[in-house]
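A quick write-up on the structure given underneath.
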């Protein structure tokens, strides 16, 4: 009877949840080479900001159609603004700029060291002591970064340094935002919370981009327009909604580990679509990064 009770108490893996998680990973994974391609046709701040604002509007419309209120209580605004700056503004700006120096595959690998940094930050903030496995995960994450930085020689590493620093800063900022959101949860319906965070986070980026950057829409290719639609609709709407649907159906740990498919898809898709290298250095960095995240989330 006790065995039966324990079996029943275990979280069940819903097939629908895995399907939604797969949609999320594919949507976010393919967006890395998509963004890299679009940066050749549009300036980074305008690209990231405007697509984010449009995505937030679409999410808000989706929330309304699902009868989710867009109202935000006054007490929630401070944490909502803080989360938007950490999780959206910093992430979008830093990752968009990092792609000017890094291949999409390498930027994706650095970006998805986020769970490792979050586990370290959670120790002093949330009182979650790092285990031996999480400490080993941190070591492997540094090994992955070292592989990216040194794989093609010192000169190449110096050229990539600004991109590596920006991508790492974006990952750290997102990790801080994750821990902040856990300590100070935003009590809003999930789609509403995403719409507000993405909108608040991307609006200043789009304003600054439109003011300081020069955008030549006439030079955007037909493929570029289709990829803009992908970045807006798939990345911000379909992938985010699928992520919320996956979280509602899967244990949080399963969903978090499932996002490790994102850099894998990003690396492979970038190699196929953009002709980026997929040699021993990139494969080693991929293995180190995935192993680090697996250990950090156990």
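The backbone N, Cα and C atoms fix where each Cβ goes, and this holds for glycine too.
Note that this is a predicted model, so its numbers are computed, not measured.
According to TrEMBL, the transmembrane segment annotation covers 12-30 (among others).
The domain 'EamA' annotation in TrEMBL covers 17-149 (among others).
According to TrEMBL, the transmembrane segment annotation covers 45-64 (among others).
Taken from TrEMBL, the feature transmembrane segment applies to 76-101 (among others).
If one looks beyond the transmembrane segment (107-126) by at least 6 residues along the same chain, the residues whose Cβ comes under 8 Å of a Cβ in the stretch are 29, 32, 95, 98-99, 134, 137-138, 141, 144-145, 148, 163-164, 167-168, 170-172, 174-176, 178-179, 182-183, 256, 259-260, 262-263, 266-267, 270, 282, 285-286, 289, 292-293, 296-297. According to TrEMBL, the feature transmembrane segment maps to 107-126 (among others).
Taken from TrEMBL, the feature transmembrane segment applies to 138-158 (among others).
Mean pLDDT for the domain 'EamA' (162-297) in this predicted model: 83. Feature annotation from TrEMBL assigns domain 'EamA' to 162-297 (among others).
Annotation comment: TrEMBL describes 164-181 (among others) as transmembrane segment.
For 193-212 (among others), the entry in TrEMBL reads transmembrane segment.
Residues or ranges marked as transmembrane segment by TrEMBL: 224-247 (among others).
Per TrEMBL, transmembrane segment is recorded for 254-274 (among others).
Positions annotated as transmembrane segment by TrEMBL: 280-297 (among others).
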Inset, instruction - Answer yes if the transmembrane segment (224-247) and the transmembrane segment (45-64) have at least three CB pairs under 8 Å among residue pairs 6 or more apart in sequence, and no otherwise. - result: yes
Inset, instruction - Determine which residues of the chain contact the transmembrane segment (12-30) at the Cβ level, with the cut-off under 8 Å and only residues 6 or more beyond its ends counted. - result: 108, 230, 234-235, 238-240, 242-243, 245-246, 248-251, 254-255, 258-259, 261-266, 269
Legend entry - Contact ranking winner - 164-181, 193-212, 280-297 against the transmembrane segment (45-64), Cβ under 8 Å: 193-212
